[in-house]
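Q: Found this in TrEMBL, in case it helps:
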- 32-423: domain 'Amino acid transporter transmembrane' (DOMAIN)
- 35-56: transmembrane segment (TRANSMEM)
- 62-85: transmembrane segment (TRANSMEM)
- 120-145: transmembrane segment (TRANSMEM)
- 151-170: transmembrane segment (TRANSMEM)
- 177-200: transmembrane segment (TRANSMEM)
- 220-238: transmembrane segment (TRANSMEM)
- 259-281: transmembrane segment (TRANSMEM)
- 301-326: transmembrane segment (TRANSMEM)
- 346-366: transmembrane segment (TRANSMEM)
- 372-392: transmembrane segment (TRANSMEM)
- 404-429: transmembrane segment (TRANSMEM)
Amino acid sequence: MREANMMPETRNEAEDYKSNVEVPETAHAVSTDSWLQAGFVLTTGVNSVFVLGYSGTIMVPLGWIGGVVGLLLATVLSLNANMLVAKLHEHGGKRHIRYRDLAAQIYGRRAYTITWAMQYVNLFMINIGFLILGGSALKACFAVFNYEHTMKLPYCIAITGFACTLFAISTPHLSALRVWLGCSTVLALIYIIVACVLAAKDGINAPPRDYSIHGKSSSRIFTTIGASANLVFAFNTGMLPEIQATVREPAVKNMLKALYFQFTIGVVPMFAITFIGYWAYGAATSTYLLNSVSGPLWVKAAANISAFLQSIICLHIFASPTYEYLDTKFGIRGSALKLNNLSFRIAARGGYLVISTLVSALLPFLGDFESLTGALSTFPLTFILANHMYIVAKKNKLSLLQKLWHWSNVVIFAIMSVAATIAALRLIAVDSKQYHVFADL
């Protein structure tokens, strides 16, 4: 069989290439998108509304040295780990369009269930984060114009959930986003540019800031470990095979192009807003940067509305593996406007988002949520599993030095995952004493 990283040169060669790779059954589109569209999907995830929190959840606990070095190191390690998963996409002569399918091919059937459970937890918690952030953006928009009677956060989260449900019903699968990816990019640039400009203006006019890391030694250890989980959370989707499934052949070569796009051009806006926000406000930086900036009301309102709308598009990306599973299991095929298909999406996706919205409104602790997500699922899926799968799949082709490198990644990130889980659970326990359920943060 032709190697995955070779480009078919003629129509006949392209057909031979496709026929040699088995594609599993799915209700969603496969092999329809360019590498650039996949790159924009990945970049949308990196520059999602979560970037408005990184100054507070990454830089404040780590400081300048730890934050800058940590972000650069996380960028390199994340690119490497994602490349490993991308190169295994056609392992064994099959296109593994789901992360759990790839794990089952390499380890056996039991790994299918374990991987699916970890991935579901990862994506579910990411979706909760988008609902919380969308609600926070909506609340901030109301507060811009009415300081005395602003809408409470749980109500704003409920509105966000309803908007996400309408979008999920009207967008049948990941490839159908297309023009929405362009909208998402424009929306992200609006709130990133506004936040950077207003924060820079505040920083220029502000007195010297405090950049020290606060807290007792014991608590600082836990917050530092939690911030390390936020670092890997910032760069990784936990659903790379599902995104790669949409890419046209040759899938491996095109996905690597998408990853290079994500980790070069794609990370620049995220780095800019993270560093500028921390420079402007120091240790006092908010976990939602637009709450810290000062400037014209209409500009802040536009940024918050953009953040609200972009969170709706991003949530759909991270919910798409769940939607694909439901659509495939229940045989939802054909036109998205067929009454049967439409009614199924209303019931299945609406039910999923009702549960997600309820959990989001119940426990809106954003910083703790990012840490726990990174600890429980992003570390295992992106680093531990990726490196170990590569060892098993390529064991006869790896040198001793390569094996030692991948095993060191497995061990180090396993230790970090356990430590970060403990730190995140501690933070949640502390915040649970400070905040009540359905808190208006």
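Backbone N, Cα and C atoms are what each Cβ position is placed from, and that goes for glycine too.
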Q: In the same chain, which residue numbers or ranges, 6 or more beyond the ends of the transmembrane segment (62-85), come under 8 angstroms Cβ to Cβ?
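A: Same-chain contacts beyond the ends: 99, 102, 211-213, 224, 227-228, 231-232, 234-236, 240-241, 256, 259, 263, 267, 271, 274-275, 278, 382-383, 386-387, 389-390, 409.
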Q: Who are the long-range neighbours of the transmembrane segment (404-429) in its own chain, taking Cβ under 8 Å and residues 6 or more past its ends?
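A: Residues 77, 81, 221-223, 225-226, 228-229, 365, 367-368, 371-372, 374-376, 379-380, 383-384, 387-388, 390-391, 398 contact the transmembrane segment (404-429) from elsewhere in the chain.
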Q: Other than its close neighbours in sequence, what residues sit by the transmembrane segment (259-281), given a CB gap under 8 Å and a spacing of at least six beyond its ends?
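A: Hits for the transmembrane segment (259-281): 35-36, 39, 42-43, 46-47, 51-52, 54-56, 58-60, 64, 67-68, 71, 75, 78-79, 82-83, 86, 188-189, 192, 195-196, 199-200, 202-203, 206, 209, 211, 234-235, 289, 292.
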Q: Could you check whether the transmembrane segment (151-170) and the transmembrane segment (301-326) come into contact, where contact means at least 3 Cβ pairs under 8 Å with the two residues of each pair 6 or more apart in sequence?
A: yes
Q: Counting Cβ pairs under 8 Å to the transmembrane segment (301-326), which of 35-56, 177-200, 220-238, 346-366 comes out on top?
A: 177-200
Q: What stretch of 35-56, 120-145, 177-200 shows the most Cβ pairs under 8 Å to the transmembrane segment (220-238)?
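A: Out of the listed stretches, 35-56 contacts the transmembrane segment (220-238) most.
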Q: Which residues, given as numbers and ranges, are at least 6 beyond the ends of the transmembrane segment (346-366) yet have a Cβ under 8 Å from it?
A: 53, 57, 124, 127-129, 131-133, 135-136, 153-154, 157-158, 160-162, 164-165, 168-169, 287-288, 319, 322-323, 326, 330, 427-428, 431, 435, 437-439, 441
Q: Which residues of the same chain, at least 6 past either end of the transmembrane segment (35-56), have a Cβ under 8 Å from a Cβ in it?
A: 129-130, 133-134, 137, 174, 177-178, 181-182, 184-185, 188, 191-192, 195, 230, 233-235, 237, 243-244, 246-248, 254-255, 257-259, 261-262, 265-267, 269-270, 273-278, 281, 285-290, 307, 310-311, 313-314, 317-318, 366-367, 370
